[in-house]
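Undergrad: Take a look at the following structure, please.
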Amino acid sequence: SLPSFIDILLLLLFFMVIFSILGKNLNQFLPNKCCGYFYAVKICCRFFPDVMMPAYSKNSWSCVFFIVYLSIELYFIMNLLLAVVFDTFNDVEKMKFKSLLLHKRSAIDHAFQLLVSRQRPMGVSLKQFDGLMRYYRPRMSARDRFLTYKALNTSGSRMLSLQDFYKFYEVIGLKWKARRSGEHWFDDLPHTAFLIFKGINLLVKSKAFQYAMYVVVAINGVWILVETYTLNSGYSWSKFVPWSYIVFLTIYGVEVLLKIAGLGPINYFSSGWNLFDFSVTLFAFLGLIALAFNREPFYFIVVLRPLQLLRLFKIKQRYRNVLDTMFELFPRMASLGLTLIIFYYSFAIVGMEFFAGVVYPNCCNTVADSYRQINVTHGNTTVLEEGYYYLNNFNNILRSFVTLFELTVVNNWYITMEGVTSMTSHWSRLYFMTFYIVTMVVMTIIVAFILDAFVFRMNYSRKNHENGIVFEVEVSRDEAMTTLELYRQTCLTSWLTSCACFCPQHSSLVYQGRRSRTKSDLSMKMYEEEIQEWYAEYSRENVCQQDQIHDPHHDSPASETRTCAQI
């Protein structure tokens, strides 16, 4: 996205130059204290309306100059910059997905051609597939290899066709588990216990129970606000345990126990929201213990109580999409975070080389009050208060990182720049301006990355509602016995033996394979129509290449053009 970004950046600089020339011709519109017309126009985005007020005091119509400038630069071109980067970023992500998809397609075609034999050129047998998986996934068990083969064999034939084999990357990551014969974990319990747990299951799944808990969480949030508002300076958590803490914690604890009993431990902890509720409730219980036994080092756990309020986001689908997008972005943001750290480190080293030891207490007192030591009178006492901006320096790597982060936020960044400039030279501004421009590039890309993920997630949620990838495979008694013969020479026969033992009682066993949904799966859904066009284009290119290989005159450019034209 850098070329398109540079185009808009040049447009931004062009308008800056135009307004600088215009400002020079209209002297009275600019304050006398600015250190240059171009710089005054440049900083007025972050130094507004201070930079306008001297001219505005002389002529009320001078505000038109600044309003037009900010309207064009800040609200139009800057947003246009984000739109261009977002569009380019979206295209780059789409091309990356296309390239990876076709690369997988090519790999599957190549693997299929290597696996088929002359006697059976149209398919891959279980024995051949098992040999492939022993090299591709050496730690995969014999059971999982067989179930993966069954999941791929949607046609039900004796061998995998090429069309079946194309789903290899979709199925290879599945985690297989036997599906219970009953619907609930308590189906095999005695009748009385079954009725009790069945009632609990219906209760925790009911809408009334869910909304009742939402009301409890909302009341808890309001109560926390009341406690915080009425909290005075003499209050201490170590004096007593608030009764409200015990009441709400008891309600949350009962909810957790009911859900574990009704849904079963496996189903309960398989949900991310339930895991979050359990963790917050557990930490709240630990905080209660810290309060009861006056364990001061653990008082910070009490602060985690408001995290329960996040459960209210489950009420509305849009809020759930926001949180789901945020959780999905965390792993992918690692690369961007690493890039940002490297970028900070590079500028920090340069800043330490040029500006280490330049800024000190009460320096730069002609720049702003933020650097100046001032005598302040409180009653009959006069206290010397110093400005703290001298702490924004490049004396070490930690201070440099903090200073660069403050420059990234851009609020009062010109004060830090002018402080350093007043102690060095005007050329120091080149460092800060370069950092500002590079930061603008990096942060725009990060914002585009977040927008792309969120828009993609919202568009997908409108079309699809599944939470993961699920495959079901049914293993019959005859298949189990046949496969048992295949693996008889191996040591990994424990699953097949147990399967054969179950088959006399059950005509078949059903296994479920699950895996988390990935960005690739979402892209497959979103670009479903275009993917077929990409596959058709890929097939035409393959046919063209094969014809060139088999053509004895394929080295001739004219022959190559003729063959591809015919296709």
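From the backbone N, Cα and C atoms, a Cβ is placed for every residue, glycine too.
Automatic prediction, not curation, is the source of TrEMBL annotations.
TrEMBL lists these features:
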type     : residues : note
DOMAIN   : 1-94     : domain 'Ion transport'
TRANSMEM : 6-22     : transmembrane segment
TRANSMEM : 34-52    : transmembrane segment
TRANSMEM : 64-86    : transmembrane segment
DOMAIN   : 207-455  : domain 'Ion transport'
TRANSMEM : 211-231  : transmembrane segment
TRANSMEM : 243-261  : transmembrane segment
TRANSMEM : 273-292  : transmembrane segment
TRANSMEM : 336-360  : transmembrane segment
TRANSMEM : 430-455  : transmembrane segment
COMPBIAS : 548-557  : compositional bias 'Basic and acidic residues'
REGION   : 548-567  : region 'Disordered'
COMPBIAS : 558-567  : compositional bias 'Polar residues'
Undergrad: Can we call the transmembrane segment (211-231) and the transmembrane segment (243-261) in contact, meaning three or more C-beta pairs below 8 angstroms at a sequence separation of 6+?
TA: yes
Undergrad: Report, as numbers and ranges, which residues of the same chain sit near the transmembrane segment (243-261): CB under 8 Å and 6 or more residues beyond its ends.
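TA: Hits for the transmembrane segment (243-261): 197, 200, 203-204, 213, 216, 220, 223, 227, 268, 274, 277-278, 280-281, 284-285, 287-288, 291, 305, 308.
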Undergrad: Mean pLDDT over the domain 'Ion transport' (207-455): what is the value?
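TA: 76, rounded to a whole number.
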